[in-house]
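Colleague: Annotated Fe cation binding site per TrEMBL: B:117, B:121, B:305, in sequence order. Residues or ranges marked as substrate binding site in TrEMBL: B:140, B:141, B:142, B:143, B:144, B:173, B:186, B:190, B:277. Residues or ranges marked as domain 'Gcp-like' by TrEMBL: B:30-312. Residues or ranges marked as region 'Disordered' in TrEMBL: B:323-350.
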């Protein structure tokens with residue numbers, strides 16, 4: 001029996017949901033190439049060239065994409081790229097959420113099991129918040145909260161994410177770990193954090209009001 | 001044979017098409033096309049909500065590419081290039097279509113061609129009518145755009161007029177809102193206008209007869225609002241009188257533009273969503289006759305936003321060897337005539 005083509009053993013990871021923009025190519029679970037840029041804006045220009053710079057233009061049998069939350073536009077850029085590549089390569093798309101990867105990165109950086117509150121920049125001045133136990137199990141659903149409400153939710157000794165420093169400033173005693181999702185660290189994700197398909201996790205409803213300023217139901 | 005995959009997502013329609021650029025008839029040129037309208041999603045809001053539009057594009061665009069290729073009996077490998085709208089338009093939606101196009105192009109090793117949505121409209125008459133040659137005088141009228149251009153050649157445009165406030169389609173939509181006709185408003189105003197008297201309501205014709213070449217519809221829309229609030233007029237008369245006033249403005253401005261065009265125009269061409277308005281087409285037919293030119297108007301299905309026109313513009317550019325890099329930016333504003341002088345009040349519609 002002939003050996004499988006390299007891309008059959010490869011997994012491409014795409015993460016453009018937040019201020020960072022990263023890609024990674026894994027083969028048999030080992031990272032073989034990747035790049036992570038702190039862009040802020042411009043993911044739609046950078047992402048595809050970053051993938052094209054990977055070995056074999058990033059071709060893989062499985063595409064793993066960050067489906068959010070983060071910036072509405074960044075989420076869509078990643079999903080659009082992942083779905084189009086899957087169509088072109090007849091690949092399978094799977095997804096994960098930003099807080100899961102940030103929590104996994106925080107545990108790895110900490111060096112062992114630790115409870116983590118992930119606090120990330122949201123929209124309209126709100127923060128996305130999700131707590132994880134020491135084994136990486138999410139303890140509550142994702143919430144989009146005002147900073148005060150987010151701070152009131154903190155319970156773990158470690159806060160990770162783009163608003164970690166702000167949390168530590170407001171809550172002395174909390175250890176801050178400023179982190180953004182990095183596709184090269186996707187190997188840290190527990191299997192339970194991987195979902196089939198790639199449904200967007202915007203974390204917030206569209207900013208739209210019905211005539212008369214009424215919020216949609 | 002040059003097969004081009006066209007992708008359009010600049011406003012509230014997601015569209016994908018396969019175009020055969022070497023075919024000689026419209027029927028053969030559009031190998032397959034799918035259009036997903038978002039009208040139902042935006043109707044409760046009375047207009048297009050950019051974030052809702054962008055989410056809807058992201059939800060449907062990849063399956064639509066797959067389905068359109070299947071309709072054509074072709075695969076991505078059969079395509080010669082990928083053409084995607086790169087602007088102008090609602091930037092969230094443009095990015096979805098453009099990134100999809102980039103990823104497809106990169107993965108398949110095909111060239112990417114970023115298309116100006118307005119160029120798609122401007123060249124759509126050439127898709128429909130293989131005999132239409134450059135140069136021609138183009139009236140481009142849609143919900144977001146209202147301008148008259150000399151189309152000198154591929155990528156060569158001279159703007160003769162633009163709007164200083166509302167686009168023509170925008171004026172129709174706002175009038176529909178005033179009359180409680182719902183969204184999208186243009187076709188609803190046209191339907192109601194058929195039952196009314198176009199001379200019943202005295203409405204202004206902004207800028208008609210003035211030396212300024214541009215359009216203005218904001219005052220007309222406000223006059224419709226005042227006339228409605230007076231309680232003197234039936235809705236059908238308001239719709240018919242508004243439509244007639246708008247058409248009078250368009251004809252006056254277009255007559256002036258034709259006089260300012262180079263003498264070698266091959267046709268007066270109308271494109272964009274409002275080109276589907278039958279009363280406007282009739283008036284333009286008469287004007288073209290006055291000028292001794294044929295009126296060329298694409299079929300109604302090619303007037304509203306579609307991907308066939310994007311694929312066709314891609315085919316014209318592909319034929320000249322053009323392509324774009326994978327870091328091509330999406331552009332919310334992208335005038336066809338970059339050298340045109342700024343016009344007071346004109347923004348994205350310029």
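Any Cβ shown, glycine's included, is placed from N, Cα and C.
Provide an account of the burial state, proximal residues and distances for the features listed.
Modeller: Taking the Cβ of residue B:305 (Fe cation binding site) as centre and 10 Å as the limit, one finds 27 other Cβ atoms among all the protein chains shown.
According to its DSSP assignment, residue B:144 (substrate binding site) is coil.
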Colleague: Using Cα coordinates, what distance in whole Å links residue B:305 (Fe cation binding site) and residue B:142 (substrate binding site)?
Modeller: 9
Colleague: Is any of the binding-site residues B:140, B:144, B:186, B:277 within 10 Å of residue B:121 (Fe cation binding site) (Cα-Cα), and if so, which, in sequence order?
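Modeller: The binding-site residues passing the 10 Å Cα test are B:140.
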Colleague: What is the set of residues, excluding B:117, B:121, B:305, whose C-beta falls within 8 angstroms of the centroid of the C-beta atoms at the Fe cation site?
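Modeller: Apart from the listed residues, the neighbours are B:8, B:10, B:11, B:85, B:89, B:118, B:120, B:142, B:272, B:306, B:309, B:310.
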Colleague: Within its own chain, what residues at least 6 apart in sequence put their Cβ under 8 Å from the Cβ of residue B:117 (Fe cation binding site), listed in sequence order?
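Modeller: For residue B:117 (Fe cation binding site), the qualifying residues are B:8, B:10, B:85, B:87, B:88, B:89, B:305, B:310, B:334.
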